[in-house]
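Trainee: Before anything else, here's the structure in question.
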Amino acid sequence: MNRIEGQIEERGYWGSKAEFLLAMAGNVVGLGNVWRFPYLCYRNGGGAFLIPYLVFVVTCGVPLFLLETAMGQYTQEGAITCWHHLCPLAEGIGYAGQLILLYNCMYTIILAWALFYLTFSFSSQLPWASCDNSWNTDKCLNLAERNLTLNRTMLIHSTPAATEFWERRVLSLSGGIEEIGKINWEILLCLIAMWIICYFCIWKGVKSTGKVVYFTATFPYVMLLALLIRGLTLHGALKGVVFNLYPEPARLSDPQVWMEAGTQIFFSYSVCFGTLISLGSYNQYNNNCYRDCLWLCLLNSATSLVAGFAVFSVLGFMANAQGVSIEEVAESGPGLAFIAYPQAVAMMPLPQLWAVCFFIMIILLGLDTQFVGMETIITSVMDMFPMVLRRAGRREMFVLLFCLTCFFGQLIMITEWGMYIFQLFDNYACNGACILFLSVFESLAMGWIFGAERLFDIIEDMTKSRPNYIFMLCWKYLTPLVSLVSFVYSVVETKPLTFNRWYVYPDWAHALGWLLALSSILLVPGWALGRMCSGKGTLKQRWHHLCSPDKNLPLTCKQRAKTTG
């Protein structure tokens, strides 16, 4: 349709099947596969950790992945309006997922940090590989120095050069969350650059997103493969890989191991955020989403395993070079990406080359997840107000306004207290408990209120193949039960938030964190209660109305046969 002023534009579809698959792959394969899964695997029993991991894959990951993709493809609606059509009572799930995604936009700061590191990776000498810089202290220890003999006393009373570069040069850490400090202007420029890139990735909707993913979803695999091959050729690499996967069956009795496996699955598979619904909504009605989901889930888990080999082969090399145990060099999250791995790279031949490869991979993995999450929010809002936003030029202006709002809200992250705020969001606003809570009600709403049998008929009508019966058991029983138990355990076992094992957050910061977490959790029961109270008719009539799907939804072959019969 031509873009005529004042005319409502069509919603659009993916330009090809490849665009959809690459967008989905870019969304579900992210930083968590590289910097969280390998660490969780080694810390929670090595190869034995794969048992709870696979249990959550079967009971929660794949069933919810298929559920959400099918919801979007069937309704052709975003993550909020699809609930209005399928189960109005549960529309709060859509709002809660979008709020968590909005909080997730704070993770753009990771891309800014990675870009900052990437620029320094072209230096003749990597700045985190020496102690001769203005930001270094007398306690600085250059672990990349050859023939360095380490002992435990030296490690305890000194700070590695890579750590000082991260904390004193990149973050310019203040003494705590009470001290705001000044803005880091170099990180600000990197943040501006990343938001500009994000904007142009999604400003035209699936027309631009579908083209960008050809590069952003595939090139990280090239980098990962290069890093894997290089890592496996290093001395001590085998020791690191074996350490990562060495099974400790006794760890399976620890509930925390199961909890962390479940949380990893929910974040890694991107379920309950609404991204799968939005991406699926741009498919044609007869796309075989059942087959797509199975292959994408397999790709996700396989990438996590390969990333584990790539990461721990390098950490094994670093531990071997320093003469210390792997436990002393293993890190997770930002600690792996910005301290442990750069430190290991500095000890290799051609360190600049491998640093460039690593940080390009980090940027592209994070960028994919980031702009797909933004696209989900944009799609959801545009589907709520199509008469206003789906006109010529309106989308571009709305995306620009959204990016500017997120950017200015993120300025607190580039101050000297930025890391403390980042960790607060990471541990509360975007934590696993919020996603587990949404999972319980999502599976209950679709499995019982909308009806698992009806959903089976819909998937069969769209794909011409009926899903395995295990999916129905999961939607109705296993997924809500497993999610509920994990949610309760995660809340009960919540520990005080600390930073670097020495800084303890004040009580007011914990209170703020819980407010951030409850802001999404309470949207689900709050929305349902509000709709029940504001509706017309008796309580039974309101309940029936809010639990009934839209009558204008597409009819399946079975429904049409009943109607004509």
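Backbone N, Cα and C atoms are what each Cβ position is placed from, and that goes for glycine too.
Remember, TrEMBL labels are computer predictions, not curated facts.
Found this in TrEMBL, in case it helps:
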- 20-37: transmembrane segment (TRANSMEM)
- GLY26, VAL29, ASN33, SER268, ASN300, LEU365, ASP368: Na(+) binding site (BINDING)
- 49-67: transmembrane segment (TRANSMEM)
- 100-120: transmembrane segment (TRANSMEM)
- CYS131-CYS140: disulfide bond (DISULFID)
- 183-202: transmembrane segment (TRANSMEM)
- 214-238: transmembrane segment (TRANSMEM)
- 258-282: transmembrane segment (TRANSMEM)
- 294-319: transmembrane segment (TRANSMEM)
- 353-378: transmembrane segment (TRANSMEM)
- 398-422: transmembrane segment (TRANSMEM)
- 428-450: transmembrane segment (TRANSMEM)
- 470-491: transmembrane segment (TRANSMEM)
- 511-530: transmembrane segment (TRANSMEM)
Trainee: What is the number of other Cβ atoms found within 10 Å of the Cβ of ASN300 (Na(+) binding site)?
Mentor: 26
Trainee: Any residues 6+ beyond the ends of the transmembrane segment (294-319) with a Cβ under 8 Å from its own?
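Mentor: Contacts of the transmembrane segment (294-319) (Cβ under 8 Å, skipping residues fewer than 6 from its ends): 21, 24-25, 28-29, 33-35, 37-38, 41-42, 53, 57, 61-62, 65, 143, 221, 224, 227-228, 231-232, 234-241, 243-245, 268-269, 325-326, 328-330, 336, 340-341, 343-345, 347-348.
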Trainee: List the same-chain residues at least 6 positions away in sequence whose Cβ sits under 8 Å from the Cβ of CYS131 (disulfide bond), in sequence order, or say none.
Mentor: CYS140, LEU141, ASN142, ALA161, GLU164
Trainee: Measuring CB to CB from LEU365 (Na(+) binding site), give everything in the same chain under 8 Å that is also at least six residues away in sequence.
Mentor: VAL29, GLY30, LEU31, ASN33, VAL34, PRO220
Trainee: Which bits of the chain, at least 6 residues beyond where the transmembrane segment (398-422) starts or stops, bring a Cβ under 8 A of a Cβ in it?
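Mentor: 102, 105-106, 108-109, 112, 171-174, 176-184, 187-188, 191-192, 195, 198-199, 202-203, 374, 377-378, 381-382, 389, 499, 503, 505, 509.
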Trainee: Select one residue from VAL29, CYS140: among these recorded positions, choose the one with the most other Cβ atoms within 10 Å of its Cβ.
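Mentor: That would be VAL29, with the most Cβ atoms nearby.
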Trainee: Under a Cβ pair cut-off of under 8 Å, which of the recorded stretches 183-202, 428-450, 470-491 contacts the transmembrane segment (353-378) most often?
Mentor: 183-202
Trainee: Could you check whether the transmembrane segment (470-491) and the transmembrane segment (428-450) come into contact, where contact means at least 3 Cβ pairs under 8 Å with the two residues of each pair 6 or more apart in sequence?
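Mentor: Checked: the transmembrane segment (470-491) vs the transmembrane segment (428-450), in contact.
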Trainee: Where among 100-120, 183-202, 214-238, 258-282 do we find the most Cβ pairs under 8 Å to the transmembrane segment (511-530)?
Mentor: 100-120
